[in-house]
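Note sheet for the following structure.
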Amino acid sequence: MDQSFGNLGAGAGSSSGGSNSKAAATAVSSSSFLQLPLSTASPAYYGAPLALLHHAAAAPSSSQQHQQQQHHHHYARHGAEMSAAEAEAIKAKIVAHPQYSALLAAYLDCQKVGAPPDVLERLTAMAAKLDASAAGRHEPRDPELDQFMEAYCNMLVKYREELTRPIDEAMEFLKRVEAQLDCISGGGGSSSARLSLADGKSEGVGSSEDDMDPNGRENDPPEIDPRAEDKELKYQLLKKYSGYLSSLRQEFSKKKKKGKLPKEARQKLLHWWELHYKWPYPSETEKIALAESTGLDQKQINNWFINQRKRHWKPSEDMPFVMMEGFHPQNAAALYMDGPFMRDGMYRLGS
């Protein structure tokens, strides 16, 4: 059932109310109480009388009663089966229910969300009257009506929460922005002073006798530099974050040159170099271990050893015999690709 609170019960199936249920459904079409979605489990029998709750909440006058009579005539013209007496009886049964005041209070709470102050005051006064008139309501137990009243009270409470959530989120956002602005400006004093200066002319601050020249003419207010606010904001930002900016500047000035390895990694590579100076060609397994210990990748390690051998290592003349000691086949590829004898050793010896 996709209806509004003003159309409660319209188009619903038959219920335990019998003929009253069909009559209640026809009394809904031209009345409106709340434009709210309904639960499909709500009974149809008590749907139509809720279209009259809005009138009961505001103490109906004779003109309102006359308007209700016009509604009944309108229903009769369209073949409605509910008489005015039946509608009043069902309405009286709902009004006499102990939860009737809670239902109207929940409805008024929905109306209060985002309402202007004057409307909020009137709604609060109306809610106070409802609380005063709530005492003394007694009605025989009617499980169907009890279920209906409880369901719609809960629905209105949830609807009010949905209405309030975006407003609360907006207020929280504004508070955060205000706190950030106060933090940037070093407090609310300077911003308040700027606002007072900007609004001073419109509030008549410059119309006192102190602002009059000897000829009786009003002195013009001093000109305000439009960039003064930006300068003040810049000053406040520098004052607050100068230490952080200086540390960043020092960090950038100490930034390593491109391609230079970290000191700790170079020390570990040099340590391995000293231990294997006679044959400084690490195997693939040793390269993986060095990469894990230094935090470098394979390419960095390969480049470091190539450059290190070019600059600081020269094989001796008897190297072809010495290097066979502890030599294993996987180093042959590295020996060939690196070409130590062609580039560093034998080439220079033969040149």
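Quick reminder: no glycine exception, Cβ is built from N, Cα and C everywhere.
Sequence annotations record features per position, and here Swiss-Prot assigns region 'Disordered' to 1-23, 57-82, 187-229. Annotated compositional bias 'Low complexity' per Swiss-Prot: 57-68, in sequence order. For 214-229, the entry in Swiss-Prot reads compositional bias 'Basic and acidic residues'. Annotated domain 'ELK' per Swiss-Prot: 232-252, in sequence order, evidence recorded as sequence analysis.
Residue counts for the domain 'ELK' (232-252) under DSSP (helix as H, G, I; strand as E, B; rest coil) come to 21 helix, 0 strand, 0 coil.
Mean pLDDT for the domain 'ELK' (232-252) in this predicted model: 79.
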